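A.B. asks: A single structure is presented below for examination.
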Amino acid sequence: MISSATKTLQTNNKTIYVAILSTLTFFLFLDYIPGLQAWSAWVTPPVALFLGLIFALTCGQAHPKFNKKTSKYLLQYSVVGLGFGMNLQSALASGKEGMEFTVISVVGTLLIGWFIGRKIFKIDRNTSYLISSGTAICGGSAIAAIGPVLRAKDSEMSVALGTIFILNAIALFIFPAIGHALDMTEHQFGTWAAIAIHDTSSVVGAGAAYGEEALKVATTIKLTRALWIIPMAFATSFIFKSKGQKISIPWFIFFFILAMIANTYLLNGVPQLGAAINGIARKTLTITMFFIGASLSLDVLRSVGVKPLIQGVLLWVVISLSTLAYIYFV
């Protein structure tokens, strides 16, 4: 029988949960009010994820069923909305240059990630694969798209996303400094940043800090790599199908493709509409990160340990050095 003190604690935790979620949502949508946009700048996916993690580790899981169900569907809707931020023609055009290296780097990252995660550190399959996918393609967006196809648990998503976001934050500060130390041209740095930094947002930030040409090169190359979400999602559904289990067709990826096509050919005359839908999708993705973080438990975190972070760091270092070698010697 639950004591009155326990009931009071659970009620308080649920109140705190609602307060955090309401605050995040409130500040997120201040972005649409002229003059108040700056107030929403701090609400980013990493911040939302870590707020969810802090809540879960200090207060426990207030609404586990709500978190699980909401994060599942909101994540898929958000991925579809992200398609309205991509131009298919631009991505394909930028992909013609260096296509061979793009293919090699994506496939190579997945294979190296598998070896480090599964063979060396014995990390669970889903977490290791999500970290490798995020490193190979476009960070959190790739994990958001691949996770539902993989039927990954919220705890596995949290660990993978947390690893990627930590490395993203580090890259945003150290990459420009390393680029200047190595006297890299803006084109070289843009190429390196697009391949070695996970999330598009951090790629854009690092490119902008280095120079205008670096920003342009980094953005176009990263856009091309983001298209790999599509074949990766379908390949994942086939590769990880259990014996006797039907193939899980990632239908939301079809809608992602349709959104991208619509944005390229139907909304090219009204780019504001595509940008608005994409903006809402990014905000719902940020809220989803809170749900995913709030689903983690201290027991899960203890069982996982630091191995996923070590996999992410080692994989990141290997890809960064390999890309540098390609830029300088090929």
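Note: Cβ is positioned from N, Cα and C throughout, glycine not excepted.
Quantities reported herein were computed from a predicted structural model and do not represent experimental measurements.
Pulled from Swiss-Prot, these are the listed features:
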type	residues	note
TRANSMEM	16-33	transmembrane segment
TRANSMEM	38-60	transmembrane segment
TRANSMEM	73-95	transmembrane segment
TRANSMEM	99-116	transmembrane segment
TRANSMEM	128-150	transmembrane segment
TRANSMEM	160-182	transmembrane segment
TRANSMEM	189-211	transmembrane segment
TRANSMEM	221-240	transmembrane segment
TRANSMEM	247-269	transmembrane segment
TRANSMEM	284-306	transmembrane segment
A.B. asks: Please identify the stretch among 160-182, 189-211, 221-240, 247-269, 284-306 with the greatest number of Cβ pairs below 8 Å relative to the transmembrane segment (99-116).
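C.D. replies: Looking at each of 160-182, 189-211, 221-240, 247-269, 284-306 in turn, the most contacts to the transmembrane segment (99-116) are made by 221-240.
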A.B. asks: Which bits of the chain, at least 6 residues beyond where the transmembrane segment (128-150) starts or stops, bring a Cβ under 8 A of a Cβ in it?
C.D. replies: 45, 72, 75-76, 78-79, 82, 105-106, 109-110, 112-114, 116-118, 121, 156-157, 160-161, 163-165, 168, 198-200, 202, 222, 225-226, 228-229, 232-233, 236-237, 240, 248, 250, 252-253, 256, 285, 288-289, 308, 311-312, 315-316, 319
A.B. asks: At a threshold of under 8 Å on Cβ distances, which of 73-95, 189-211, 221-240, 247-269, 284-306 pairs most often with the transmembrane segment (16-33)?
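C.D. replies: Answer, by Cβ pair count: 284-306.
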A.B. asks: Short question: which residues 6 or more past the ends of the transmembrane segment (73-95) have a Cβ under 8 Å from it?
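C.D. replies: Non-local partners: 102, 141, 144-145, 147-148, 220-221, 223-224, 226-227, 252-253, 255-265, 267, 274-275, 277-278, 280-282, 284-285, 287-288, 291-292.
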A.B. asks: Quickly jot the same-chain residues contacting the transmembrane segment (189-211) by Cβ under 8 Å, restricted to those at least six beyond its ends, or write none.
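C.D. replies: Non-local partners: 44, 98, 105, 134-135, 138-141, 164-165, 167-169, 171-172, 175-176, 179-180, 217-223, 225-226, 316, 319-320, 323-324, 327.
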